[in-house]
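S.K.: Could you have a look at this structure, given as structure tokens, before my questions?
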Amino acid sequence: MRFHLGLTEALQEREPNINASSKDLSLLHFELYRRSEPIMDIDEESYLNAGPSAPSKIPQGGEGDGLQGMSKKAMKRAAKQARLEEIKPLKRAAERERRRQRTAQLAEGYAAGTLSEADKELVERRRRVEKERKEAQRRIESGDQANDWLGGVVIDLGFDDLMTDQEIASMAQQLGYLYSSNRTAEKPVRTVIHTTFSPAASPRLWQRMENFNWHKWSRCHWWEQGLETLKSQLDPSTSILSVQSVVSKETQDKAGIDTKSLLSRLTGPQVPVDLQAGKHKLVYLSADAEDELLSLSEDEIYIIGGIVDRNRHKNLCQGKAEQLGIRTARLPIGTFLEMLPTRKALTVNQVFDILVKYLHLGDWAAAFEAVIPIRKYAPGRKAKRAKTETKRNEKVEEEVECTSAEGEEDIGVIEESAEVDPEDVFSNQ
């Protein structure tokens, strides 16, 4: 049986007379949830004993209706998830306040000249980024896009059903980081198309993105239609020169009042004016491709697979591209990936960052180093991380041995939310 170490210690401090049996700790874990802010009006005995073999004392109506017929383990899992959802806004507010205080401390220390070299570098880097952001916004508002790269990038979001909820949350964040990178890039990509994006096509991602003000993102286009539609639109033999944006009836039926206003921001299948049928060719970036991408051309549109899957699905993007008859290519960074001891798969925003850095620097090695500095993966750092991880695992194993008992169910580890809310990334600019 696994326990969140900090939570167990906090419980035993609050109730010093309890023994460390699994039953007592199970009750106290639930008690901490209930006392801090009740999820539902259920006493501990009803909560732990409810099930097919015992009459349920769970209140009828409201949230209790959804718990009827659930096993004890499923009820615990649902209660934990509900509690995490309740405290998420509080955690976000606390994190914002912590960042605000940290920023104020850094500014004060920088002015007084008392910061360490690392903190001083952090402050200066943040100021450079903010300056670049304001300059990029000024260029957009003034219509000055002369430095834009006239090719295109497509984020293929047609994998909603292959990701977990946590991976969907990570995907939404990566899209935010990608937009921020393009907004502040020295040579931004003029056209970024997101395909398969709507309440019907990608319901969970759509819900996540509602808080990101995606409809205000500059240089971004959002399509409900998939990659196959874009391919046909760019084919001069099948493309329609003048086409109105179309939202499917299924999507309209699912839309609420607020959602319908967002649906008007979907522009597919209208190809952006900077992309021309017969001129621009699609290239799907895939680590499994045989061809290596030697340079970037403004006559090509590069597709990045919008999926977070921890390498579960092998050859997914390669297979999809082959099925659609789209050329594939891999970034010429295999040598650099081999130098990474712990990470082989790049995130969507990292792939995009490498592209825009290459557009500015004209060198793949420099672009990769700018996005993922190799110095962070020096042998010394690797050994130190391994040692820290070993100690952490040993501590967890000791806790498990002290608290586990036969016949008890696994309470599970309370996981921190993977969400981050950097205001400079997800602003309305």
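Cβ atoms here come from the backbone N, Cα and C positions, even for glycine.
Computed from a predicted structure; not experimentally measured.
Residues annotated as S-adenosyl-L-methionine binding site in Swiss-Prot, with similarity to another entry given as evidence: Leu285, Ser286, Gly305, Asp309, Arg310, Asn311, Arg312, His313, Cys317, Leu331, Lys344, Ala345, Leu346. The active site, proton acceptor annotation in Swiss-Prot covers Asp309 and rests on similarity to another entry. Residues or ranges marked as region 'Disordered' by Swiss-Prot: 383-429. The compositional bias 'Basic and acidic residues' feature in Swiss-Prot is assigned to 386-395. Positions annotated as compositional bias 'Acidic residues' by Swiss-Prot: 396-429.
Can you tell me where each of these features sits in the structure?
M.R.: Arg312 (S-adenosyl-L-methionine binding site) falls outside any helix or strand according to DSSP and counts as coil. Residue environment of Arg312 (S-adenosyl-L-methionine binding site) contains 12 other Cβ atoms, counted within 10 Å of its Cβ in all protein chains.
Same-chain residues at least 6 positions away in sequence with a Cβ under 8 Å from that of Asp309 (active site, proton acceptor) are, in sequence order, Phe159, Leu162, Met163, Glu167, Leu316.
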S.K.: Long-range same-chain neighbours of Cys317 (S-adenosyl-L-methionine binding site), Cβ under 8 Å, sequence gap at least 6?
M.R.: Asp156, Tyr284, Leu285, Ser286, Asp288, Gly305, Ile307, Thr328
S.K.: Count, for each of the binding-site residues Leu285, Leu346, the other C-beta atoms lying within 10 angstroms of its own C-beta, and report the residue with the smallest count.
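M.R.: Minimum Cβ neighbour count within 10 Å, taken over the binding-site residues Leu285, Leu346, occurs at Leu346.
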S.K.: For a quick check of packing: other C-beta atoms within 10 Å of the C-beta of Gly305 (S-adenosyl-L-methionine binding site), how many?
M.R.: 25
S.K.: DSSP on Leu346 (S-adenosyl-L-methionine binding site), three-state: which is it?
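M.R.: For Leu346 (S-adenosyl-L-methionine binding site) - judged by DSSP and reduced to three states - the answer is coil.
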